[in-house]
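Per TrEMBL, active site is recorded for Asp79, Asp260. Among the features that TrEMBL reports, disulfide bond is placed at Cys92-Cys97, Cys251-Cys255, Cys293-Cys324. Positions annotated as domain 'Peptidase A1' by TrEMBL: 61-365.
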Amino acid sequence: KHSIWAMGVIIFHMKTMRETLREKNLLTNFLLNNNDDRSQNVAHDPKLSLHPLRNYLDVAYVGNISIGTPPQQFKVVFDTGSADLWVPSTYCDSRPCYTHNVFNPHVSTTFRLSGMPVDLTYGSGRMVGFLGYDTVRIGKLVDVVQPFALSKAQYGLEHAPFDGILGLGYRSLAIQGTIPVFDNLKRRGVISQAVFAFYLSTQKESGSIMMLGGVDHRYHKGKLQWIPVSQPHYWQITMNRITMNGVVFGCSGGCQAILDTGTSLVLGPSRLVTAIQMLISASPVGHEYAVSCSYVPRLPTIIFSINGNDYPVPPQAYIRKGQCLSNFGGGTENMSHSETWILGDVFLRLYFSVYDRGNNRVGLAPAV
C-alpha cells in the first residue's frame, strides 16, 4: 500500500520508480550533465515561464529549483500526483542522502524552522523529516516563505535521478496547514494565470518542458479538449471506458483517472491489468511483464475514452523499447474502492496536458 502520512491522515498515493535506476553509471552521467538552468520567459507573455526538464530514460522528468539565500540547487520531479515539496537535508544520514544534494538550513539567511514532523511515503520510497520555510526559486520565479520538508531519513530513493519532489496537486493533498508551491506563486501574484502545463519528450533527454502561469500552444496539435476535474485533490477526471479492438475491457461503466507526471507507467486495478497483460500475450519477468519484441507491431492500440473523446495509446507507447516490457502496472485497488486508473508519463508523452486550477479542469491535446 502506497500512502502519504500527513499528520495522522492517510492519503493514498501511488508512485512507481523503475528498476532501470540500478544502472548507476547511467545515473551518474545523468546527474553530472544535469546542471543547466535554461528557464526562460516567453517574450510575448512575461508571466508565462518555461522550465526545461531532463528526461531520464523515460522513467522520470527532472527540473532544477533552488532553495534558500544564497540559493542551494536541487533537482526535483514536478509531480502532479502529490502536493508537497521536500528535499534531503544535512540532518539526514541515510544512504540516499549521500548520493544527492542536501539542504543546509544554517547557511540560509531566509530559513525559518517550523519543526513540525513530516512522514511522506511514495511507491519509490519514503522520507521522514521536519517542516521549514524558505525562499524557493524556479527559474526567474521567486516564491518566498514557502513551506517545505527537510529529510532526516530516506528509504529506497538511493538511485533516484532527483534529489526531491515538488508536488503540484491540490492543497487538500498537502501536509495539513501548509500551502503548496503553485498556490503560493498564484497567491503572491508571481504568475498571472492559475495554470501550468507539461510537454514530455520521448526517449530524448532534452526537450521536455514545464510551463507555469500559462500555455505555449506550439507544443500541441489541434485544440485543447477540456475535461472537468471530478474531485479536486489529485488531478482526477472521469473516464468513460478503455477499449481494445473495439471491445471494452476496463472502466466499463465509467471510472476515475488521475493524471500523474510523477508516475512512469499507466496503473490500474491489478485484476484488470493482469487481463491486459494476457490480452497482449505478455508473460511475467520478475515483477514485470514482457512481450516478444517481434510481436509489438501486431499488438492492438488501446483507446482511453474521456469526456466523449478518444485518446489512443499505440503499442510503441505501452511497450518499452529494448526488453519489450509492458508499461502497465497494477495496484490502484489499494488507493480507492472504485475503479481508478493512473495515467502516468506513458500517456502524458502522447498528450500535452494543461492543469487549470482557476477553472478546475484539465486540457489534453496530441503532443507535437
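Every residue gets a Cβ built from N, Cα and C, even glycine.
Whatever TrEMBL says is automated annotation, not expert-curated.
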Cys324 (disulfide bond) versus disulfide-bonded residues Cys92, Cys97, Cys251, Cys255 - nearest by Cα: Cys251
Fewest other Cβ within 10 angstroms of its own Cβ, chosen from the disulfide-bonded residues Cys251, Cys255, Cys324: Cys324
Cβ-based isolation winner (fewest other Cβ atoms within 10 Å) among the disulfide-bonded residues Cys92, Cys293: Cys293
Shortest C-alpha distance to Asp79 (active site) - which of the recorded positions Cys97, Asp260, Cys293: Asp260
Cys97 (disulfide bond) to Asp260 (active site) - Cα separation in whole Å: 25
Distance from Cys293 (disulfide bond) back to Cys251 (disulfide bond), taken between C-alpha atoms, in Å: 28
Sparsest-packed among the active-site residues, when each Cβ's other Cβ atoms within 10 Å are tallied, from Asp79, Asp260: Asp79
Nearest-integer angstrom distance between the alpha carbons (Cα) of Cys92 (disulfide bond) and Asp260 (active site): 28
Distance, Cys293 (disulfide bond) to Cys255 (disulfide bond) (CA atoms, angstrom): 32
Residue pair Asp260 (active site), Cys293 (disulfide bond) - Cα distance, angstrom, rounded: 28
Surrounding CB atoms that lie within 10 Å of the CB of Cys97 (disulfide bond), all protein chains: 23
For the domain 'Peptidase A1' (61-365), mean pLDDT (0 to 100): 96
